[in-house]
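Asks: For reference, the structure I am asking about is given below.
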2 protein chains.
Amino acid sequence: MPLTKSWVGSANAADHPFPLNNLPYGVFSTDTLAPRCGVAIGDMILDVARAEAVGQIALDGGPFFGAPAWNALMEAGPGVWGALRAQLTDLLAEGAPARAAVEGFLVPQADARMHLPFRVAEFTDFYAGKHHAQNVGTMFRGPENALPPNWLHIPIGYNGRASSVVVSGTPVRRPWGQLKGPNDDAPRFAPSARFDLELEMGAIVGQPSDEPVTVEEADAMIFGYVLLNDWSARDIQAWEYQPLGPFQAKATATSISPWIVTKDALEPLRVPTPAREVELLPHLRDAGPMLYDIDLAVTLAPEGAAPTEIARTNYREMYYSSAQQLAHHTTAGCPMRVGDLLGSGTISGAEAHQRGSLLELSWGGKDPVALDTGGTRAFLEDGDTLTLHGAARGDGYTVGFGTCAGTLLPALEDPYAR
Amino acid sequence: MPLTKSWVGSANAADHPFPLNNLPYGVFSTDTLAPRCGVAIGDMILDVARAEAVGQIALDGGPFFGAPAWNALMEAGPGVWGALRAQLTDLLAEGAPARAAVEGFLVPQADARMHLPFRVAEFTDFYAGKHHAQNVGTMFRGPENALPPNWLHIPIGYNGRASSVVVSGTPVRRPWGQLKGPNDDAPRFAPSARFDLELEMGAIVGQPSDEPVTVEEADAMIFGYVLLNDWSARDIQAWEYQPLGPFQAKATATSISPWIVTKDALEPLRVPTPAREVELLPHLRDAGPMLYDIDLAVTLAPEGAAPTEIARTNYREMYYSSAQQLAHHTTAGCPMRVGDLLGSGTISGAEAHQRGSLLELSWGGKDPVALDTGGTRAFLEDGDTLTLHGAARGDGYTVGFGTCAGTLLPALEDPYAR
């Protein structure tokens, strides 16, 4: 499927992230418009709340778009998701008769402020990139014991904290935590000195389930995807994570990109998971190609300096798809809700520059990463801005995710001062 | 403070769980009344939605009670919590002038169906009972390495799944999961054969926070407490939990008792935590007595048979209070929300019959528990009804929690059959 042209001219460039083939969903506000649903097209946002209010968008079960969240549309189900995409394509395609009726509802992205695009019901993070698990395992347990015995059989996941999910652009405060290095006699309470990023994709659950679902059913429940940075305090994690997993190390913030790229937009870009080293049990087997060919990159900009690209990889490096993760999530009967967010796990490739965290890039801090603007990074420094970039390439067009950025603020001097 | 007498006669017995000194909050419905807020008094429930509608309860920021959840009252804050308790005491005390005005709003508990008393925002479970951690650690790692090195320094916690929290009385279905015993060559997907209970208390967060809070501030944020059974599939857990903690093993269900016993009701029953074996860092130190003297028991009734008491312990056995757990939860800046639920962790005492899980009671299945009605239990069998009981004794009165019960249904024959 080649580029479909829009009457919004900026959308027609082959490398623009938001052509008519994409149509990602966000929540925006301006100086005069309260937060509401919008759809990116080229450099503009279509105010779908107003388009719906005048009847240019009309969907069963609506209105959906005046609220500052896409949850209501998600609840309406895949039939309505498809109907919206079809109506948007009709409204925005080159030569659309409705152009005059909706042109006034376009807002320049440059004038908009972006918000979280949906209410996050619950957040689960996975550990499902094999290169990442192998790298981290090698550092902690040596190459022979790098992968835990269960790793090739289940997508390892743990529950995270929905309240800490923030939209791209939200500053992140370096956390305090209880720390104890291998040579310390006793723990101390201090700001994290090994604060890190994790390059991930987030899958958004758009339909609920009360019983175990198959991989195919899980895939049908997914509404769309975002970029996700699961900020991680490695020194807090090292002390706290045995025996029950990461807790405060992952509780400061998880940033997501503001535009939900729908599963429909990604449909032409499906690719299979990598070859299986051991056969999966039937309930987790691939039901067709359920990954996507999405180029991913991470840039780091020190305060006041230009960014350096510190990593470049691809979502197809994942060992488990989001559909497999979601299917596993339901095996014991765990109810899933509209708005659940599943982090893929850190996405690293086989090569050194393809690693999706500073922990891996600097190999535990031993081999700091050189920045183009001078200096190095073992872990993040105050004032650093981390930006994730993601884009899939179609036939003459791009399905872009935009960016997911956050600037690290210094730790509070005293976290209990009021 | 002795028993305060009520004109609801059943509330005045010294061993009744719901005297005027208690006034726990629930959500109930009847054949004619939709789910709404109610307050237990003796054998009755005061329909506070109707009392509020006619002005017999009048609180700043109301109305609060027509919705089937106590979250709106929680959001109003401790000043309003106190005002409600004072108004309820005035309405229900012996000789109250308003008796005639509200007597018609009493509903027999026997006629009511109980619902989840609040919308659970997020659920966190802790591992903060020392006897439990010592027992489990001894079984898994031997007595020398029983307690993880961090255990005496932080209340170990992990995020759970709010969507799986159910009210007492909801049947629980034995889950399927990926299992691999120590002598198995490969994992298999099968119903859990080691399904267990965990006797816990749940603390309900009634006020939000965006920054780290002290132990004293944390205590002030807690609205009340419930009994909590964190159903656990030990065989799923054994295979999945390394390296990132329990996931599907804890995802089937967590049951809570229907009545929120408020912190105000428990105030006269405060007791300190046990002596510290190592001094806690300042941000986690006790800020006064923050546990409660609450007798707890577990009964197990096979299908069609009478219950056997399998465990008896007390909440004061906890090493960390809920306030300390909540303070720790916020150290890295994790935002807390109204309706967050914190499981205390399994509450075991020093003696064999004081253990709050079958894993401990049967010592990993090696020493099954004998039932009064014949037979034994290493782990739960289909049809078993597990009931938690909890009550604190005041000066001539009881602050009861009622019960938290659930019956184990057999596993689905095929979890993917539709």
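Backbone N, Cα and C atoms are what each Cβ position is placed from, and that goes for glycine too.
So TrEMBL lists these for the protein:
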- B:21-117: domain 'Fumarylacetoacetase N-terminal' (DOMAIN)
- B:123-405: domain 'Fumarylacetoacetase-like C-terminal' (DOMAIN)
- B:Asp125, B:Glu198, B:Glu200, B:Asp230: Ca(2+) binding site (BINDING)
- B:His132: active site, proton acceptor (ACT_SITE)
- B:Asp230, B:Lys250, B:Thr254: Mg(2+) binding site (BINDING)
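Buried or exposed, and what's around them? Tell me for each listed feature.
Replies: Within the same chain, residues at least six positions away from B:Glu198 (Ca(2+) binding site) with a Cβ under 8 Å of its Cβ are B:Asn229, B:Asp230, B:Trp231, B:Ser232, B:Gly343, B:Gly345, B:Thr346, B:Gly356, B:Ser357.
When secondary structure is read from DSSP and collapsed to three states, B:His132 (active site, proton acceptor) falls in the helix class. Cβ neighbour count for B:His132 (active site, proton acceptor): 28 (other Cβ atoms within 10 Å of its Cβ, all protein chains included).
Summarising the environment of B:Asp230 (Ca(2+) binding site), the number of other Cβ atoms within 10 Å of its Cβ, over all protein chains shown, is 28.
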Asks: If you draw a 10 Å sphere around the Cβ of B:Thr254 (Mg(2+) binding site), how many other Cβ atoms fall inside it, taking every protein chain shown into account?
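Replies: Around the Cβ of B:Thr254 (Mg(2+) binding site), 27 other Cβ atoms lie within 10 Å.
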Asks: If you compare CA-to-CA distances from B:Lys250 (Mg(2+) binding site) to each of the recorded positions B:Asp125, B:His132, B:Glu200, which comes out shortest?
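Replies: Looking at Cα distances from B:Lys250 (Mg(2+) binding site), the smallest one goes to B:Asp125.
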Asks: Report, as a single number, how many Cβ atoms besides its own are within 10 Å of the Cβ of B:Asp125 (Ca(2+) binding site).
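Replies: The answer is 30.
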Asks: Looking only at C-alpha atoms, tell me how far B:Asp125 (Ca(2+) binding site) is from B:Thr254 (Mg(2+) binding site), rounded to the nearest Å.
Replies: 10
Asks: Kindly state the mean pLDDT of the domain 'Fumarylacetoacetase-like C-terminal' (B:123-405) in the predicted structure.
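Replies: Averaged over the domain 'Fumarylacetoacetase-like C-terminal' (B:123-405), per-residue pLDDT gives 97.
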Asks: Taking the centroid of the Cβ atoms of B:Asp125, B:Glu198, B:Glu200, B:Asp230 as the Ca(2+) site, which other residues of that chain lie with their Cβ within 8 Å of it, listed in sequence order?
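Replies: Surrounding the site, in chain order, are B:Leu199, B:Leu228, B:Asn229, B:Ser232, B:Lys250, B:Thr254, B:Gly343, B:Ser344, B:Gly345, B:Thr346.
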Asks: Going by DSSP assignments with H, G and I as helix and E and B as strand, what are the residue counts for the domain 'Fumarylacetoacetase N-terminal' (B:21-117)?
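Replies: Counting residues by DSSP class gives 37 helix, 22 strand, 38 coil.
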